[in-house]
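Asks: Got a structure here, written out as structure tokens. Questions coming.
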């Protein structure tokens, strides 16, 4: 767990800033956003605040019942909110394809894509597509989803003349990936699996994905940015696989952890704030640009991951 700072950075915000505070005065009316993992935690709060600012938010969720509860709660507080949900399981490539097909065929525009869903430090398990579950859910699912939605985002950007933004919710845990960064030849190696390093590997992949995506978007000459971020360590059901961590959180959590309102702040800042206009390929923490690791800025590693991911989704 990483304690956050209440000292304001150059953006004027800090780790104690909330999602409402970092978006104060911003009008997102007319924008459409997708938020994955929106049925709980920072995903639900991100959805609420984007809707509060006027955006039409599509929740990509595994649990449609939980999504309805989130939507009902938001509408109770914000009767004018525009919130919908489409079923999405990021660990299943078929589910990702189905979600993208349904959204793309709806004719809706897409201004903002927030790749937020994730699982943390779970025991070794393979996804339905025979990919290590954390890598499959946290990276590969979002990688495919982004690629499948990109044409719609490009069309929206051209027609609206508004900047599109892709936001990858990574983590400071990317600093604790395997020593080589991404173990391309051992993704599914159970014998050497470490649940925390595998989580770090998947979060490093989120950072590298945004960096390489930035390169492609600039080459295409489209007005879409891609950034990654650390939301801060908060109490969410990410910790459901680790009872020891849950116990520790109950004892000292309030001293070092953000609440959900603070945890969603950096996501909402990167997604909406005018200070971030034109900024791409950066890593943010506490609503400020933050330094990543040498692996996190490794252009060769980013390209290798991109090519590896393309080949992996093609095989499935």
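Yeah, the Cβs are placed from backbone N, Cα and C, and that goes for glycine too.
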Asks: Can you tell which of 137, 146, 152 Swiss-Prot lists as binding NADP(+) with 37, 38, 39, 40, 41, 42, 43, 89, 90, 116?
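Replies: The one candidate that Swiss-Prot places in that NADP(+) site: 137.
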Asks: Looking at 281-297, 298-314, I want to know which stretch Swiss-Prot calls region 'Interaction with calmodulin'.
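Replies: Checking Swiss-Prot against the ranges 281-297, 298-314, the region 'Interaction with calmodulin' one is 298-314.
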Asks: By a simple count, how many Cβ atoms lie within 10 Å of the Cβ of residue 37 (NADP(+) binding site), its own Cβ left out?
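Replies: So the Cβ neighbour count for residue 37 (NADP(+) binding site) comes to 28.
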Asks: Take the region 'Interaction with calmodulin' (298-314) and count its residues per DSSP category (helix H/G/I, strand E/B, coil), listing them in that order.
Replies: 16 helix, 0 strand, 1 coil
Asks: Which residue among the binding-site residues 39, 41, 137, 171 has the fewest other Cβ atoms within 10 Å of its Cβ, if you could check?
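Replies: Comparing Cβ neighbours within 10 Å for the binding-site residues 39, 41, 137, 171, 41 has the fewest.
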Asks: Sort out the sequence-distant neighbours of residue 43 (NADP(+) binding site) for me: same chain, 6+ apart, CB within less than 8 Å of its CB, listed by position.
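Replies: Expected: 35, 36, 37, 59, 114, 116, 117.
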Asks: I'm trying to understand the geometry here, so how far is the Cα atom of residue 41 (NADP(+) binding site) from the Cα atom of residue 171 (substrate binding site), in Å to the nearest whole number?
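Replies: Roughly 15 Å, rounded to the nearest whole number.
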Asks: With residue 171 (substrate binding site) as the reference Cα, tell me which of the recorded positions 39, 90, 137, 193 is the closest one.
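Replies: Ranked by Cα distance from residue 171 (substrate binding site), first place goes to 137.
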Asks: Looking at Cβ-Cβ distances, which residues of the chain lie under 8 angstroms from residue 90 (NADP(+) binding site) while being 6 or more apart from it?
Replies: 36, 37, 60, 96, 117, 136, 137, 138, 141, 142, 145
